[in-house]
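Straight from TrEMBL, the features:
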| type | residues | note |
| --- | --- | --- |
| REPEAT | 28-62 | repeat 'PPR' |
| REPEAT | 63-97 | repeat 'PPR' |
| REPEAT | 101-135 | repeat 'PPR' |
| REPEAT | 136-170 | repeat 'PPR' |
| REPEAT | 171-205 | repeat 'PPR' |
| REPEAT | 206-240 | repeat 'PPR' |
| REPEAT | 241-275 | repeat 'PPR' |
| REPEAT | 276-310 | repeat 'PPR' |
| REPEAT | 311-345 | repeat 'PPR' |
| REPEAT | 346-380 | repeat 'PPR' |
| REPEAT | 381-415 | repeat 'PPR' |
| REPEAT | 416-450 | repeat 'PPR' |
Amino acid sequence: MNCCCNSNRVCSGLAIFGEILRRGYKPNAITFTSLIKGFFMEEKIDEAKGFFKRMIEHGCKPNIVTYGILINGFCRSGNMGLALRMHQELVNGRHGSCKPNIVTYSTVIDGLCKEGLIDEAKKLFFEMLVRKISPDVVVYSSLIHGFCKIGKLEEATRFFNEMVDRGVSPNVVTFNVLIDALCKEGKIKEAQRLLELMIQRGEKPDTITYNTLMDGLCLEGRIEDASELFKSMTGRDHKQDVFSYNVLINGYCKNRRIDEAVRLYKDLLLKGTEPTVVTYNTLLTGFFQEGKILDARQLFDEMHVRGQRPVLLTYVIMLDGLCKNECVSEAMEMFRSLEDHEFQLNIKMFNSLMSGMCKAGKLENAKELFEKISFKSLMPNVVTYSIMINGFCKEGQLDKAYNLLLEMEQKGCMPNVVTFNTLLYGCCQSNEPQKAIQLLHKMVERDLVPDASTASTVINFLSKNEEYHKYLDLLPTFLPKYKLEGEVMDIESVIAVLEDHSEQKIEA
């Protein structure tokens, strides 16, 4: 029966269990535990719960292995409430004399950390100490990872130092988690020092360690250092994997070095490493960024030839890239093909196409797409509305743009500074000073902080208006200050700029 359950044949295990009962034998803890484990392996959570209940009803006391399997199964399926309940049963000794051990504690703590329930995990950690159960490397690594995930790097470092002080040796996973967090915070020097400590303590870095450091260096723009680290991996008995290539290809693309990214891609193919969808998505983004439409098309075709299916993000990149490079018709053709194949569309696709349509002067087509969104069970976001508002403003349809602002607020989509700046620019282009001032007041009412674009739009507009003085008193007072070309600008500064501009016109 145990063999059946371990090989994902729990139904066969149940048949054997039925035969045990039919013959009058009494199932023991091992019998029930094997079946509970089998149910969890096949992700049959309710059946596992039901069989545990049946175990208790049969008067069979669960042992520590039973509880361990239940806790692990509930944690893996995200049922942390049930996992904690099982743990509490162990603590209270509800169904026997077995008590929680290091395995059950580490399982629950790890599950809580993965779910972001770090405070609950800490409580269990201190409970362990009270019960004289010494935390091991798994417990510490889980907590460190949990703190890193929620951005509490100092707390993660404190636990790391504590584990070392307690004589618990960090393993490669512990080091990798902390190195990754340091890199994401831009603390590359600290990450490199941690790598040195890792080597000093006799813990051999793995490919993940080097990939993480490379990614950190790329984020800092230190591509040459990342490239050197990539090359040094071979000498350190670490073969570069596809993730190593992806990290460096991404670094090159983000730093506008697409030719080097392509060379690396070709090297990857020569070594027989299979590119992933991430490889293709990264290169496609790089090609479009550099305006290399033909290369992007060829790579997209190559994906299909190599049997790599594009994912949702791939199509988002393709549609956005084509639209930004003035290939709106081609993008629309691809979009229609996705519709025909009932592909799951998302709002980013609509935003890209609508933006492309508006830039190409095809406002009516953009409107048709906008109206289609609700039929696809999607919700327009602030970007969607801002694109359409911009489209209306460019065509001088200010009333429609203004009505759309009201509509988005009524539907619970709050406009941001970009939305207001877009409409403000439209008011200025249509020579509507009163509406522009109304918008500025609306920004204040919504606690939105104006930015450099807001200031420059107001200055440029009013400086062209001979009667700008009569509008100055109507301008709202923005309590926060904002920056324009590095200078801190408040309303007084705006007035000063306007007066200076006026004097220059008189002198001219």
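All positions are counted from 1 along the displayed chain.
For all residues, glycine too, the Cβ spot is worked out from N, Cα and C.
When DSSP labels each residue, the repeat 'PPR' (101-135) comes out as 26 helix, 0 strand, 9 coil, counted as helix, strand and coil in that order. Among residues of the same chain six or more beyond the repeat 'PPR' (101-135), those with a C-beta under 8 A of the stretch's C-beta atoms are 64, 67-68, 71-72, 74-76, 78, 80, 83-84, 87, 90, 142-143, 145-147, 149-150, 152, 163, 166, 168. Taking DSSP states H, G and I as helix and E and B as strand, the repeat 'PPR' (136-170) has 26 helix, 0 strand, 9 coil. For the repeat 'PPR' (381-415), DSSP puts the residue distribution at 26 helix, 0 strand, 9 coil. Away from its own ends, the repeat 'PPR' (136-170) comes close to residues 102, 105-106, 109-110, 112-114, 116, 118, 121-122, 125, 128, 177-178, 180-182, 185, 198, 201, 203 of its chain (Cβ-Cβ under 8 Å, at least six residues beyond either end).
Counting residue by residue with DSSP, the repeat 'PPR' (311-345) contains 26 helix, 0 strand, 9 coil. Using a Cβ-Cβ cut-off under 8 Å and counting only residues 6 or more beyond its ends in the same chain, the repeat 'PPR' (346-380) has close neighbours at 312, 315-316, 319-320, 322-324, 326, 328, 331-332, 335, 338, 387-388, 390-392, 394-395, 397, 408, 411, 413. Here the repeat 'PPR' (276-310) is broken down by DSSP into helix, strand and coil counts: 26 helix, 0 strand, 9 coil.
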